[in-house]
Amino acid sequence: DGCGHTILGPESGTLASINYPQTSPNSTVCEWEIRVKPGQRIQLKFGDFDIDDSDSCHSSYLRVHNGIGPTRTEIGKYCGFGFQMDGLITSKSNEVTVQFMSGTHTSGRGFLAAYSTTDKSDLITCLDNASHFSEPEFNKYCPAGCVIPFADISGTIPHGYRDSSSLCMAGVHAGVVSNTLGGQINVVISKGIPRYEGSLANNVTSKVEQLSASLFTFKTSGCYGTLGMESGVIPDSQITASSILEWSNQTGQVNIWKPGNARLKRVGPPWAAFISDEHQWLQIDLNKEKKITGIITTGSTLAEYYYYVSAYRILYSNDAQKWTVYREAGMDKDKIFQGNTELYQEVRNNFIPPIIARFFRINPLKWHQKIAMKVELLGCQFSIGRAPKITMPPPPQNKNDDKSDDFSDDFIHSVKTSLQTDKTTFTPEIKNTTVTRSVTKDVALAAVLVPVLVMVFTTLILILVCAWHWRNRKKKTEGTYDLPYWDRAGWWKGMKQFLPTKSAEHEETPVRYSSSEISHLRPREVPAMLQTESAEYAQPLVGGIVGTLHQRSTFKPEEGKEASYANLDPYSSPIQEVYHAYAEPLPITGPEYATPIIMDMSSHPSTPLGVPSISTFKAAGNQAPPLAGTHNKLLSRTDSASSAQVLYDTPKGQPGPGAAAELVYQVPQSLAHSAGSKDE
């Protein structure tokens with residue numbers, strides 16, 4: 001009565017003491033007799049060992065024997081709290097007896113061990129998890145019987161399992177190994193995720209857990225795709241059933257829960273049998289032989305109809321006449337699959353080994369209220385490899401016909417011999433869809449390097465472009481009298497008047513001279529400076545072209561002989577200090593508007609007549625020596641309030657001509673009037 005969890009498979013298994021991992025009861029005993037195929041030997045590995053050794057292994061111990069029965073021989077006797085056994089216990093034959101004795105004690109969990117044939121050198125136990133191994137990828141052999149109630153797993157496929165999960169139990173949940181057979185697993189470690197979902201699969205329930213440092217997944221054959229129930233690739237005509245539930249609701253509407261409704265995740269009612277008994281079935285025709293590796297089922301998915309199938313069998317056939325009940329390898333009993341525990345949850349079951357068939361049938365054995373379900377099949381295409389077609393080359397041309405006939409006979413005989421001896425079929429090549437660790441590292445490295453290189457090249461290009469712009473800007477700003485940074489925008493606006501414009505109506509934006517720089521210059525440098533510096537009041541027409549006369553100006557050109565730059569001597573003029581190349585601000589007690597300087601347009605025949613030139617200055621009186629300009633002559637203002645040289649209109653709103661300081665002057669009506677005034 002001292003036997004605990006026990007699964008003894010043909011090649012591997014798991015055994016534990018009663019009540020493990022709790023304290024085993026007193027005065028109990030259990031013996032396990034393990035047999036494998038003749039010619040093989042058995043190896044035993046302990047996952048946990050905690051047996052009271054207070055009496056030096058007298059009443060509580062674990063003993064391992066070679067052989068079974070009276071002829072068995074002892075391999076070893078073991079006891080101790082937290083006893084660590086690094087190596088494996090290996091038998092000399094294909095039979096082993098394990099005996100557990102529990103005497104009087106107060107503590108001790110007992111033990112848990114796994115066994116396999118000696119050709120499985122990488123055997124682990126059901127208690128091993130991913131954190132026990134430092135390799136990023138490794139292969140291990142899981143024994144049978146690792147679905148144990150005292151181990152937990154978190155996660156699901158394809159997202160992965162938490163690193164604290166039992167490797168072998170997770171392998172059963174993922175459908176990689178069978179609980180009754182065990183098998184090889186290929187584990188890949190990767191970075192953890194914030195949340196691990198739970199699900200029910202292969203009679204193993206995974207729990208919902210939170211973030212972990214790492215997770216693990218399994219390399220598989222990749223044959224786990226859906227076969228067409230949900231997507232509709234399998235038409236309704238290929239889905240049949242033993243019976244169909246038909247019923248009318250209170251409004252008299254007929255509801256038919258036909259087999260075509262048995263599609264996973266399809267909105268609406270499921271398939272339901274008219275009679276609920278163990279003889280009902282749902283059949284799916286795949287149209288040709290396929291490799292079926294699993295099935296997913298749900299209940300009715302309708303809250304008002306709490307129907308689902310809790311257990312079922314699987315049958316398969318290639319002609320829909322002769323059916324075979326699915327059994328696991330080496331088992332003589334039909335495999336009973338656990339179904340749903342409620343109507344919504346998706347439950348997955350895998351077939352190890354897979355089913356190769358065209359027709360697939362589900363036979364419900366247990367259900368809740370009524371037989372109703374939706375399904376999806378997992379698997380992939382299956383094709384048997386064919387021998388390559390051999391084309392016999394033409395025999396060599398030879399004058400000797402007998403030799404040619406002999407050659408043909410020998411060749412045909414060799415071909416027949418090769419075809420007769422090569423009777424094995426080619427196994428289908430199943431590609432692995434899981435990325436290996438090395439490939440994952442390369443992909444991760446490329447994902448890091450590519451953005452970095454792009455950023456580096458982009459930065460270099462931006463630096464070159466900025467340097468080019470800075471160089472061009474520096475060249476443009478080189479000169480004797482460079483403008484300060486804050487005056488360059490105004491300088492450009494002031495320079496626009498030197499360029500031809502489309503319309504004479506465009507108004508000029510006032511700009512300013514840098515008077516601080518002019519004050520530091522020598523007197524002979526003033527005229528040149530005035531040609532380049534911005535005016536504080538109005539922009540003079542200096543060094544301009546004929547087209548510049550189209551612009552509006554407040555300056556009046558000198559009448560008569562044009563002055564040249566040679567005549568510009570600021571010391572030769574007795575009243576140099578009161579004449580400027582721009583209009584001066586009006587005194588506080590003076591008129592409201594400045595005196596305009598009139599431009600002589602007679603020397604520019606290309607200038608169209610009638611172009612108004614608005615001015616806010618008073619009429620000019622005595623002329624002053626010009627200071628700058630090749631085509632334009634500048635006149636200064638005088639205190640005279642009236643001049644016979646220019647005709648001005650009477651300002652609007654005034655009764656007539658009055659005091660000069662009270663009038664607002666406008667531009668002469670035409671240049672011809674100005675010329676006529678001069679003649680008079």
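One is the number of the first residue shown, and numbering goes on along the chain from there.
Cβ atoms are placed via backbone N, Cα and C, with glycine included.
Of the listed cysteines (CYS30, CYS57), only CYS30 is recorded by TrEMBL as the disulfide partner of CYS3. TrEMBL lists region 'Disordered' for one of the ranges 88-109, 418-439, 506-527, 638-659, namely 638-659.
Taking the Cβ of CYS3 (disulfide bond) as centre and 10 Å as the limit, one finds 15 other Cβ atoms among all the protein chains shown. Helix first, then strand, then coil: DSSP counts for the domain 'CUB' (3-118) stand at 0 helix, 61 strand, 55 coil. Here the domain 'LCCL' (120-216) is broken down by DSSP into helix, strand and coil counts: 11 helix, 38 strand, 48 coil. Within the same chain, residues at least six positions away from CYS30 (disulfide bond) with a Cβ under 8 Å of its Cβ are ASP1, GLY2, CYS3, GLY4, SER17, ILE18, GLN99, PHE100.
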